[in-house]
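Undergrad: Submitted below is the structure of interest, expressed as structure tokens.
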Amino acid sequence: MSTPNRHPPSSPSRPTLSPNPNPNRSHSNSIHRTTSRNTIADALRHARSREEQETLLDENDEPNDDEDDDDDGDEEEELGTGQANGNCGHEQLGIYRTIHRIRRLVIASIDDPYTLEQLKSPHINFVIVRPLVERLYDPGDISTIYCLLVNRYQFLRDQSYQAHHSTVKITRASLCELIAARILRRFDEDNPGRPGLLLLANILVAGFEPFQNAPEEVLEGSHQAARWAKQKRSSTEGKLTALEVAIISESKLFLSSSACQKVIESVYLGRIVYTPMSFIDIIPDQYKRKPISLYDPRKAPILNQYRLIVPRTRNIIEVCQFMILLALYISTLMNRNDEKFTTLEAVFCVYAAGWVLDEFASILEHGWHVHTQNLWSFLDVTFVGIYTVYFALRMHGLARGDLEEGRQALDVLSIAAPILLPRLAFNLMPENMLFLSLRAMMGDFMVLTLLAVWCFAGFLLAMKWLSRWGAPQDGTAPDSITISKWMLWIWFGLDGTGIQRSVDFHLIWGPTMMILFAFLGNTLFLTILVSMLSNTFSKIVADATAEIQFRRAVLTFEGVKSDAIFAYRPPFNILALLLLLPLKPLLSPRYFHKLNVLCVRVLNCPILLLISLHERRNLWHNPKTARRGRKNSLTRHGKSEWWYWTRWNPHGDIQAVFDLEPPKGFIEEIERADEVNDDVLANGILGGGETR
């Protein structure tokens, strides 16, 4: 480990961690953070400012996004005017310079491998982490978090190519993640309330480009940089967000931080809205894009089609869609008809095709890497493969009139049952430790099994070749399938037929090969497999909170969609693909947008009404609404309806006392009393007296 005093400032080969170039700023910030919470009353006031994030905007407040200024329910500028989600307003940030500056500082700071726990230790935190945080934190630069996570991703990528420096690279990647979490926490501490929440959202979900403000020689010497230079600065093409980089680099410490989770929760609930950058849009409708803003449901239209891409709403709708798919699947196979293509099977085929199209669009939206981080993505991809094979066989059999081929198609569809039923459990309990560990353990199991099959294939070939020259008792040599079954039974300890028949291959080498395989496969391999799976499970359990919050971040990020096809429920997304996509080149962007909005609102009218009614009442916490609801809930006897339910529970009053907020005057009286107590306590300490 290199310290700030390890290399003298005159050394030209390695940069040093000199004090912050702006000591006044860091000193004032540290004094502010030290003195801002020196009393209980100050801490309470700070907590109240944070609670404003949960409070609905007042009637006289200026809204952050006016949703009803036109007939489409939004007033965002057209794409290219500099108001859409991107790095608009931050074109002056030197992202290219910041990325390489961070890389030089981290390389100069870390020469030896350390674990994440060691990096958090007081000594290393004081010598390395805190000076880097003070140096890199800039209240006016929201791209620092993005640049740190980009460096983490590159360090992790380098360690796979430089084996002799792999542990040091991992340490540097962990340091970048730790510094990013600390800087994000400082942004959160210095910017409370709704403006601070909006600032954190811009830090995490605004799009940035690594070649921004790079030198001309760099732009001329790199193909990627030249491609970026030809694009407009307001374009969202090729830009990534800090949240996406954190997901693909699996920065679980950063994603589990309180500041990051605050933004993730707000995006998941729909309090923060924006139009994300997408990889490929099947039905592109980019006439209007939503900027990063706080959503006010009272100023939004009743039928707001943008609420269909809110992650929480999207997740509920996807669960309902999958339950419909599962019901149609079970009904189709329970009423199976090998000789006739029934109406029920036709309905299942059409609906499943729409569901597969939705899954395919999800992969194109954020890319394969992000999609596979989803908890149940491997189940979805497996079902897509099974359905594709079934549909191709079924249609080919119907076209040729081949009943046997149609029967085989339904047999292929039957094997999807072990995929669909667990998938529903994954949806309903996504944070269950069993499913979190099962997904990771399945990956290890598949890798080790494939390696074992590859290695043990040599035993199969040896026995097959021995069987050609042996003298079997029945005069026939066992084929490869029979030998494989014997080996598989020995592998799992089910049957010893292979060992008994091994003398048929060769009197000496046959039993030798089978017994050797039994020792290696049944004993050594299974021991290694159990050890690996136990190690994987223990790691997940030891850091269960970070794992759950990481999966929650993936679900939230992937739930925000920009492709217009996600606003159409299966199987209407197939109709939208067939009807709207051909009209795209024939209509202007404005009229195509109006047509798309009209179709979405007509098809989703009941869903949009329910969403609007729910969010106007429950999206943000409104004390006025709570008090009005409390008055309306009083019965003629003066007791609330809630009391009649909780009286049957001896502990119901504990929950009921927190359901309604105390009056404002009551809170102010408590704060005045706390301020008096703080003054007494401070005078006692400063005067050297004893305070009891």
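Cβ from N, Cα, C; glycine included.
The model shown is predicted, which means the values in this text are computed figures rather than measured ones.
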Undergrad: Checking feature assignment: transmembrane segment per TrEMBL, candidates 344-362, 515-533. Which range matches?
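TA: Feature transmembrane segment in TrEMBL: residues 515-533.
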Undergrad: Let me spell it out: take the transmembrane segment (565-583), skip the flanking residues so only those 6+ beyond its ends count, and list any with a Cβ under 8 Å from a Cβ in it.
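TA: Apart from its flanks, the transmembrane segment (565-583) reaches 281-283, 305, 308-309, 314, 317, 321, 325, 350-351, 353-355, 357-358, 361, 365, 592, 595-596, 599-600, 603-604.
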Undergrad: Pop the mean pLDDT for the domain 'YVC1 N-terminal linker helical' (96-289) in here, whole number is fine.
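TA: Across the residues of the domain 'YVC1 N-terminal linker helical' (96-289) the model's pLDDT averages 86 on the 0 to 100 scale.
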